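Participant: Quick one: the structure is below, questions incoming.
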Amino acid sequence: MGPAPDSSTGGHYHTAMADIQRELRHPNTQRKVFSLTQTTPTDLVRSKLSTTEIQSRAISSLPDELLANIPDDSSSYSLFQGFQASQDDIEYRRAHRRRSSKSKKLLKDGETRGALPSAPSDLKKERDLLSRRMELMGVRKNMCSSEIHDIDNKIANLHNMRKIVLDRLAGLEMEEADLEHERKRSMPVLHEHFAPGSEIKEMPAHSDMVTAIDFDYPFGTMISAALDDTVRVWDLNVGRCVGFLEGHNASVRCLQIEDNIVATGSMDASVKLWDLSRARTTTRDNRVTRREDDEESAQADDASMASHSTTLEDCYVYSLDAHVDEVTALHFKGDTLISGSADKTLRQWDLVKGRCVQTLDVLWAAAQASTLGSETTWRPSGRLPDASADFVGAVQCFDAALACGTADGMVRLWDLRSGQVHRSLVGHTGPITCLQFDDVHLVTGSQDRSIRIWDLRTGSIFDAYAYDKPITSMMFDTKRIVAAAGENVVKVYDKADGHHWDCGAGVGVDDSGPQPATVERVRLKDGFLVEGRKDGIVAAWTC
């Protein structure tokens, strides 16, 4: 006969089953069971088990979400072993310290027997202890490997996240660049389809000699100034004057436009800043005063201009007043503006604060160079300069670099951080009237009738050529160098093949007939050429 059943165990079992049956009869429990069977019905619905077996399986089954989170049993170590490996073996360290301290003591006579192993059981315990520690070391090594693997995965995920963020940042920068240069991306390219030297538009801009012109991009906005003491704003797309910039007490000698910001330097010794985006317009007469013998077509054009003319208001920002003589050259880039004056100084302005932050004395710099025995001393040119030659003929700045051309025929390269001249380019024999530089070359024009191309890396002359009359204005782009050289045409030099040719109203005109006026100022951007003449006419050409 088998062993008698335990009555206490049977009673507990029947009590537990009775409780389960009562719970199963409860409506809430039945709803939970049926909802669970709807989520995983494959084994419960299709099976032919009894009701009791189905209820037992429904109670003991687990959702798939919980089963998915169970880690894979790929490790050869148990969870308890991992727990033991994560704990510090304090007792072993203490015993090890005691054992190591005892080993340092010298054995006395009669104690050698106590130092030997007492029994094989002690050796077995030591072996078991070492085996256990070796096992724990293996567990810890496995844990370290797992942590390294997790760290590698996290680093890979961080690299992927970093790449995603960098791609997003690059996209934002591209969108910002597209928005910033929206006008340039959508500007007309009509001039690119004309033959070089074709006239696009001619405008009777002023009643006296044009002293300065500049435009932002082809068929965009142009600013012109003349000896008639007016500064006009033009829409090159339609060839119409849209307003005046009024505020100077004398003629404007130099100007620049960049992103709706206009800087004008005048004979009243001031530099004024204008923001065309803030302008409001009011109607006024904008007709240019002409002689009585003008043609009727010109009068009709003036009448049309008068009906659309406006004067700009509220575009004035502030005035930079520090020079004591007329401003003859200026250039701004970013928040820095450089102005050159007949008072023989250069001034650096902070356009954010609207104040002068540095004054550069050209004569003082030349005197300092003279005391050091340098070739950058002030020297008069070999020929007598024109009385109208400006002391500071041209300036251009970029970051901390400044190039300045003066009446002694020298080009000085300044470091705005130190306020010192770090190089001088000697070669011209007449006053410098214009200059422009890029990453590699600097091009200068002078009253000695020559244009010189300098290599900024070595300070030597890269190329040079001359015309028959003094150079009054010059500018270059990636393909060509254009210059005003005292003639009724614009002198063009192709940098690729070295070809010289003329562009302008004087090309092909019979010498016995009426002659166009002399070209005084030129500007060139992306093959779009604008020239201003001595009679106040401004014309646009393809180049």
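Just so it is clear, glycine is given a Cβ too, placed from its N, Cα and C backbone atoms.
Annotations per TrEMBL:
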COMPBIAS  94-105  compositional bias 'Basic residues'
REGION    93-127  region 'Disordered'
REGION    284-306  region 'Disordered'
REPEAT    203-244  repeat 'WD'
REPEAT    245-284  repeat 'WD'
REPEAT    320-359  repeat 'WD'
REPEAT    402-424  repeat 'WD'
REPEAT    425-464  repeat 'WD'
Participant: Could you give the residue numbers and ranges of same-chain residues that sit at least 6 residues beyond the repeat 'WD' (245-284) on either side and whose C-beta is under 8 angstroms from one of its C-beta atoms?
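Facilitator: Same-chain residues near the repeat 'WD' (245-284) but 6 or more away: 211-216, 221-223, 225-229, 231-233, 309-321, 323-332, 337, 339, 341, 343, 349, 351, 354, 390.
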Participant: Given the model, what does the mean pLDDT over the repeat 'WD' (245-284) come out as?
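Facilitator: Here the predicted model's pLDDT, averaged over the repeat 'WD' (245-284), is 90.
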Participant: Which residue counts does DSSP give the repeat 'WD' (320-359) for helix, strand and coil?
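Facilitator: Reading the DSSP string over the repeat 'WD' (320-359) gives 0 helix, 26 strand, 14 coil.
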